[in-house]
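Undergrad: If you scroll down you'll find the structure; I have some questions about it.
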Amino acid sequence: MKPSVYDFTLKELSQLLKPSFRAKQLYLWLYAKYKTSFKDMQNNFSKDFIASLEQEFVLRTIEITHVSHSVDGSKKYLFKSLKDNHTFEAVFLKMKDKKIDEETNAILEGEKYTVCVSCQIGCQVGCSFCFTQKGGFVRNLKASEIIQQALLIKEDNNLPIEKALNIVFMGMGEPLNNLDEVCKAIEIFNTGMQISPKRITISTSGVADKIPILAEKNLGVQLAISLHAVDDKTRSSLIPLNKKYNIECVLNEVKKWPLEQRKRVMFEYLLIKNLNDSLNCAKKLLKLLNGIKSKVNLILFNPHEGSKFERPSLESARMFADFLNSKGLLCTIRESKALDIEAACGQLREKKL
């Protein structure tokens, strides 16, 4: 199968296409005008050039096969690879957004949009609380397949070209186990879809030896660590990878992560009833993160079929958060979106068509 044109960075296309300025023109057609056929690019491309593009590349390599709609406005997308028919999911999230008008000081209300993308079909990490791992690991997604998730979702929701998206690598898969394709996708998000790296978050279960490699690339993205426990015994029961990279090992690498002024590393902490949601756990978490510029994002466990875990009460989550905030550690509780369509954290999976 010919490569997808979405797999190429602007620099790579500039080296492949002659004259090289054609690369920028092609990028505009792809990412600013959503063109899905080379024949639709005839305004400034000759028939011969279009024929050469058709000979070298394909465009779309995935398609939307189903969309689930949540009462909160979120949507879960089931994508199918046109190459091997494997499926994977991504989520479109709508959030309320408030801004202050600099001239009038009036509060302006609007919406901000986040796409939670997948980077693998299945996952190798095998977190016990996550539904994705039940299907095992199939393969890595190409950069083009990651990019097309955001493109197709933006197109399906009729969002203006200029409307910025937030991208979070929190769907199916471990981003650091597909680092090359993830980094290429981030570059294309930036130069193609004009998404600032500051709007992109990479969430990892703690592949400690890949964190410095990501840091060296200096992409300017937000780093999020799926911590979920304050001791190695509990964390290993939740995240088997912890047996290889324990909490101390992960935190040592996080301490070296380059941070801009006023930026913090995000630690995601999944609250599970009677396992890691006590005030004593909050105290241990405070001690663990001492000296790290960090913020904690609490996630209430999202139930799924066959899970042995239970969701804690919102009251216990608030007590946990209030304690950390009172001690100066910024802590928020993530609003669970799309629970009614099984699209919340830890609920995505491959589906057989």
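Each position is counted from 1, following the chain as shown.
The backbone N, Cα and C atoms fix where each Cβ goes, and this holds for glycine too.
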Undergrad: Which one, S196, S203, S316, is listed by Swiss-Prot in the same S-adenosyl-L-methionine site as G173, E174, S226, L227, H228, N302?
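TA: So the S-adenosyl-L-methionine site in Swiss-Prot includes G173, E174, S226, L227, H228, N302 plus, from the candidates S196, S203, S316, S203.
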Undergrad: For E89 (active site, proton acceptor), which of the binding-site residues C127, G173, E174, S203 has the nearest Cα in space?
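TA: Going through C127, G173, E174, S203 one by one, the closest to E89 (active site, proton acceptor) is G173.
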Undergrad: Quick one: which of these recorded positions, C116, C123, C127, C130, have their CA within 10 A of N302 (S-adenosyl-L-methionine binding site)?
TA: C130
Undergrad: Averaged over the whole of the domain 'Radical SAM core' (109-340), what is the pLDDT?
TA: 93
Undergrad: Count the other Cβ atoms sitting within 10 Å of the Cβ of E89 (active site, proton acceptor), across every protein chain shown.
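TA: Other Cβ atoms within 10 Å of E89 (active site, proton acceptor): 25.
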